[in-house]
Structures are given as C-alpha cells and as structure tokens.
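What follows is one structure encoded as structure tokens, with my remarks underneath.
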There are 2 protein chains.
Amino acid sequence: MLSTAGLLRERHLKVTPQRLAIFHMLSHTNIHPSAEMIYNSLRETHPTMSLATVYKTLDALVKAELVQQINVGEDSFRYDANITSHPHIICTCCHQVFDLEEDALPNLKALVSEKTHFKLSHEQLYFYGVCPDCQGSVH
Amino acid sequence: MLSTAGLLRERHLKVTPQRLAIFHMLSHTNIHPSAEMIYNSLRETHPTMSLATVYKTLDALVKAELVQQINVGEDSFRYDANITSHPHIICTCCHQVFDLEEDALPNLKALVSEKTHFKLSHEQLYFYGVCPDCQGSVH
DNA sequence: ATCATTGCAAATGATTTGCATTCGC
DNA sequence: GCGAATGCAAATCATTTGCAATGAT
C-alpha cells in the first residue's frame, strides 16, 4: 500500500501540500464533494490555497486516475477517490450522493456490448429517489 | 395521438412557431442535440429566433415533461423528445449519443430499491465506448 | 538550476435574466 | 386587451487560462 506521496510520485506528479490535502480529504469522505466544497473544507487548514489550485489539482488527479469525476446532473461536478466504475444513488430531497457496491447490479457491460457491438470502456449509472431518512421526515 | 399544438395546449403552453419548430426538430432526430445544435439547425428556417428563446423553450418543454434533458458529461446538456427513462450509449470517438431500448437491461430499479430502501423516481444510465463504425476506421 | 505548481486576476463559455416589444388567445 | 413569449443585451456562475512568483526535485 503506497502512501499518498508515493502514489503521486508514481505518476510523476510533484508532491505538494495542496495535492496531499485534497487527495487526503477526498479519500476520507463519502460525500462526493464538488470543487467548491473541497475548497471550503480546506480553507481553515490551508487558507492560502486558491480555488484555481483546487481545480488544477483535481484535473491532475483525474488524469492520473487517482480520482474520478462524477456528474450527478447538478451544475457542478463532484469528485470521488473511489476510482472503480460503481453506480451512485442520489437523494432528490437532501441531495446526498451515495455509493452502490459495484456488485449490486448484474454485469451490464457484457449485456450492452453484446447488443451494441461497442467496445465499452466505462459507464455512469445514477439512480434518483428519496432516501430512507427523507422518507421518514415530514417535508 | 395529439398534434404538437395539442400537446402544448394540454400543458397550458402557448403555441408559438418557435416552440413548434423546436419540438418538431427534437422529435424527428436521434442525435440528441444540445441547445446550440438546435439553434444552428433552425437558423435557416427561423432566422430571427434567438438562442435565449431556444433555452427558454427547452426549459418549458422539460418542465412540461414533453422533452428530457440528458447529461452525457460534456460541457453542455443534450435534449431528447423520448421522455422514457432509457439508457444511452456514447461513442468516445465520434461523440454520437445512441439510445438503448428500455428493455435492453434487466429491471434495475427493483434491485436497487430493494438494496437501498430508496423510493426511486428515475435513473440515468450512460455507457461509454467506441462504436462499431469508429472501431473500423483508422484513427 | 530547472521546470512544474501555485495563486491571483482576467477570460471563457454555457446558461440565465431583465426588460421592452410582439404575439397568441 | 391581457398576459405570456420573444429577442436582445447584460449578468451569472462553474471552470479555465495567463502569467509572475514560488517551491519541489
């Protein structure tokens, strides 16, 4: 198991405090934050870090395949340190984004590639609905 | 089978040439155009129509549930007159967006709602890969 | 020492908005 | 005629870019 610094070096990315902080934050959260959310959450510990750096860092991490960008249909992207192509489920009430285990669904890739003769690379699967918590609360 | 004008009136939307043209174009294409693409394709026949009108019309049609907005991860939205929640498959080479028949996949909704106890409303399923045509062509 | 990364400010580009004019009903 | 829809221009907002200063190797 490589350290974050090791992972970065492996991809020929220089190890900077900003990159460490962003990757660390992403791998210790399950909220699938947007760039703005990452920026705000690191403001306290890294007050000089700019939003542009957050974007540039995320771009570098996505290109290095250390992080994936997900698009739940909001106005901004969200990021996930889990780079496997797993489905997500989004609560339309509280807007939380949850992971679904990769094996929660049958092997769709095989099905789709058989039907379409595409050479499939990846997929984005999003389910929308109301989470148990929000179902319970009066609105 | 209602005419386009009938469909619009049914939703209390005024029937204008712009709305007819946009809806007609959307229901006779399978390219899942963006607002910009719609605007350009209607330029000849409707030279006075503004891009803002295209956006406002699409917004009205989406709210009226006559059209759906899809988000394949590009910088702009695409639109589809097929409002059923069907999966899409996108060629990462030529950027075409294709429909998959709704029954091409097993019933995932039931599976997911059983696992998560969400009350599911809809889903967005995107598969990415290289289409047969692009596989054949040298790049 | 070199070259990538940072941080600021300015630019971009899709989409939205304000508002006077026009048009559907 | 009334109120909604159009079209223009200006505004917005996420993201990107240019560039000088800084920092990692």
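Using N, Cα and C of the backbone, Cβ positions are placed for all residues, glycine too.
What TrEMBL annotates here:
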type	residues	note
BINDING	A:C91, A:C94, A:C131, A:C134	Zn(2+) binding site
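Shown on the structure are the features that TrEMBL records.
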residue: A:C91; record: Zn(2+) binding site; Cβ within 10 Å: 20
residue: A:C94; record: Zn(2+) binding site; Cβ within 10 Å: 11
residue: A:C131; record: Zn(2+) binding site; Cβ within 10 Å: 20
residue: A:C134; record: Zn(2+) binding site; Cβ within 10 Å: 17
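Using a CB-CB cutoff of under 8 Å against chain B, the binding-site residues that qualify from A:C91, A:C94, A:C131, A:C134 are A:C91, A:C131. What surrounds the Zn(2+) site, by Cβ distance within 8 Å of the Cβ centroid and not counting A:C91, A:C94, A:C131, A:C134, is the set A:T92, A:C93, A:H95, A:Q96, A:V130, A:P132, A:D133, A:Q135 from the same chain.
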